[in-house]
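To start, the structure itself, in structure tokens.
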Amino acid sequence: MIDKRHRGIEYLRISVTDRCNLRCAYCMPEEGISCLTHDEILTFEEIITICKSAAKLGISKIKLTGGEPLVRKNFIELVRKIKAISGIEEITLTTNGLLLENQLEQLVEAGISRINISLDTLDRARYKEITRVDGLDTVLQAISKAAQHPKVQIKVNSLIAKDFNENEILGLAELAKNEPISIRFIEVMPIGLGRALKTISKNEMIEILEMHYGKLKPYNEKLGNGPAKYYEIAGFAGKIGFISAVSECFCEACNRIRLTANGYLKLCLHSTKGLDLKKLLREGMSQDELTKVMAEAIASKPEKHHFGEASGSYIEDKIMSQIGG
Ligand code: SAM
Ligand code: SF4
């Protein structure tokens, strides 16, 4: 559907859990986090009902995320059910990759066509420092296995921040050299624990890459549903992408809405504005009524994020694993 600012909204990111098997320093505290209870989290039936209304409103693409989506019990069954909804054309997944290798075949068979795997370092000790788990080898193995799967497209997402891992940019870019894997460098956003890190801009990252590889060539074909801008490096099998929400605001073309694990329809990552769909469903709202209130909410999607502002009653103050990344 089209919102009041003439943006076509066709993409829903669903957080299926706020739990995670990692504790990335910019996303979740190491200890003391209280996760949603079984009753608080949306059931599969509730997620499906919401997806059916979303599909009626023209949402055709679903991304499953979290927390870590692969820790949710019977996740593959959920993928299958969403895939069966009329109007849903594509289901994709964002994962830290730790549990991916064993589930890959079933995920693809259930309908996942693209997988984004998050990886911020290629150094084993640094991986453990960032995520608090010694899991680098497992993730690299999952990337390698997924890259060879004929029916799934892989992207690696690397959050880059100053004095955190900008020295890894060249090494991470090499992942796109021999395999048709796109690597996307993500500017850290001032959300949750990410506020403690310093953003390094897309232009600064390009400078680092160009010093080593020469001029990057813009790649203008569409690759996925997101705001990433892609470039080519001569001789590389995959593309190099940048998601630069901070240095190049792309809100004007934003095509997405989000559903949190506890059933809140979020109209913007950085805003608390939205609708408590779980409450409405548990009060007995019908599918048709749900579609109507979702249409009204989506139409009023906020104009843009407010990353530059320190505070405001509508500014999201939750951590990323609770919002759904
Ligand atoms: N657990 C899964 C994973 O790590 O891919 C899915 C959820 S995670 C929150 C999704 C993505 O959000 C990850 O790639 C992570 O690096 C990114 N992320 C978390 N906090 C961020 C921040 N403040 N700015 C930019 N990206 C962030
Ligand atoms: Fe977990 Fe993903 Fe957050 Fe890391 S970024 S703690 S893997 S939800």
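Residue positions begin at 1 at the first shown residue.
Including glycine, each Cβ sits where the backbone N, Cα and C put it.
Residues or ranges marked as GTP binding site by TrEMBL: Arg13, Thr94, Lys155, Arg256, Ile257, Arg258. A C-beta separation below 8 Å, combined with a sequence spacing of at least six in one chain, links Arg13 (GTP binding site) to Ile62, Lys63, Thr65, Arg256, Ile257, Arg258, Leu259, Gly324. Secondary structure at Arg13 (GTP binding site), as computed by DSSP, is strand.
Positions annotated as [4Fe-4S] cluster 1 binding site by TrEMBL: Cys20, Cys24, Cys27. All protein chains included, Cys20 ([4Fe-4S] cluster 1 binding site) registers 24 other Cβ atoms within 10 Å of its own Cβ.
Cβ contacts within 10 Å of Met189 (S-adenosyl-L-methionine binding site), excluding its own Cβ and spanning all protein chains shown: 21. What TrEMBL records for Tyr26, Gly67, Ser118, Met189 is S-adenosyl-L-methionine binding site.
All chains included, 25 other C-beta atoms sit within 10 angstroms of the C-beta of Cys254 ([4Fe-4S] cluster 2 binding site). Annotation source TrEMBL lists [4Fe-4S] cluster 2 binding site at Cys251, Cys254, Cys268.
Here TrEMBL flags 4-227 as domain 'Radical SAM core'.
Using a 10 Å Cα-Cα cut-off around Cys27 ([4Fe-4S] cluster 1 binding site), the binding-site residues Thr94, Met189, Cys251, Cys254, Cys268 reduce to an empty set. Tyr26, Ser118, Met189 are the binding-site residues among Tyr26, Ser118, Met189, Arg256 whose C-beta comes within less than 6 Å of an atom of ligand 1, given in sequence order. Contact annotation for binding-site residues (Cys20, Thr94, Arg258) versus ligand 2: Cys20, each with CB under 6 Å from a ligand atom. For Lys155 (GTP binding site), the spatially nearest entry among the binding-site residues Tyr26, Ser118, Met189 is Ser118, judged by CA separation. Remark: Thr94 (GTP binding site) has Lys63, Leu64, Thr65, Gly66, Pro69, Ile115, Asn116, Ser118, Asn157, Gly325 as non-local neighbours, by Cβ distance under 8 Å and separation of at least 6 in sequence. Every protein chain shown contributes to the tally, and the Cβ of Cys27 ([4Fe-4S] cluster 1 binding site) ends up with 24 other Cβ atoms within 10 Å.
Counting in whole angstrom, Cys24 ([4Fe-4S] cluster 1 binding site) lies 14 from Met189 (S-adenosyl-L-methionine binding site) by their C-alpha atoms.
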